[in-house]
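Report on the structure given below.
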């Protein structure tokens, strides 16, 4: 946050990067996240086949079976119940899963941090109203809420973002509020007030940068949660609509073949696991790197 | 040492009560009146919890008073707005007690000091940088420190950064809220000397809050003694030490160790009995009555008036 003050010195974010760089697990997480994101973006170039193209004569083939629809002639990860190439579907599924995870968390963070900061900083009635709404959302069964929103807005990936954000902000707001309640009593906030800083500037420069750690950890935990929630919705027919592949709807499609063709459900499972694991490693590393007091 | 002149700050019947739930009210500051002359240091002493800090914070607008008023250059500070409020925010600053909590750990020292300069638009770009370097020099740090973060500094250095931040907006009046009590003894004198040097150079007015009477005597022109939300005695530094009138002040002074074994051995300490009563529903009458050696029946019935018993020597006690 070293705005306008950087004559040759290391800035705050440069410092963070230097510390993150030394953290091997976090760098592993970061690299995997970047690779997966890149894969999602250039999926059409990498996929051996059209993920929607069926070949009913080659249904549920094990990995390595010869294929007529794949450009390399082999189902590297096998084929699904319609003879589609699982590898291609996973590559394209990364687009859905990552965008659901990331975009929904961006929305959750935007709404949750704003609400939490307002509630914590101003207290009183503002706090009462915001936190009671959050409590109601907490008391509501998540899945029921998603279903309600999807029925109201119609099933589409955009409405999945909205549904996840509408309920997810409450947890973020609660987290940020508790941090703000603590931080607003700090003497440096009083010093800022004594200098006549506006509330907005106090919140943006003195309070929020000091709750970055918990927010980032919460986001990295939220991304896998959102990926799984999208899977549940797809299963119920309210999320991403087949035949568009997502890791969630692939697992649910594979559940019927769990005993006969276990590899079918394993691939999207591994994809989700690696993504979730990488985000968690990255989140932990960022939390350490963002705290200048934790210098090793 | 008394400074003649006009009062910079007048505090009239200031009250600050906190609601602590279930109808209980904590009377942190209860009907305090005093003034601070331009260029002087007013020491404010008392035990922890007596309302010193609340008083300092109310004076610089960190708290809204329950009633009463604070006048700064004749204007009620709690009624200011717009340009006048900005001006007050520049002229009145605070130095905090805990040098570990008073600096934002996410900002560089340069940004911490520069923020006030930015907000009030005092300097820009190159001039701003130069001013920050200059301020660092004034408080005994150097310009290489500007790009570092607070956690890289010791307590004494951090307190110097806090002082530089307060000075950045070119204030006239600074509330020093126990600026040295969190520091090592070896560093305390350095910071005190710095504060006094700055006062001389920049013609600053201080409200110096502390619980250590000997230190306050050294820095202050006049001293106010607080007990449980009220000022019980106010006099010049010398007067207060030579002729303390209030039994509480007498007890406080007798507790200061003297650096001479002979005198120290002969000296009689006045030991106070009992504890400070709770500021929630404080006792009727004189708040000190229960612990006072000279307490008379009237003391528990009627609150003593704060009156001038000698020239420039005020005391709130039924004995005078």
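Placement of Cβ uses the backbone N, Cα and C atoms for every residue, glycine included.
Ranges compared are A:77-96, A:157-176, and TrEMBL records transmembrane segment for A:157-176.
It is A:26-46, from the ranges A:26-46, A:47-67, that TrEMBL records as transmembrane segment. Taking Cβ pairs closer than 8 Å, the transmembrane segment (A:26-46) reaches residues 20, 88, 91-92, 94-95, 98-99, 274-275, 277-286, 288-289 in its own chain, all 6 or more past its ends.
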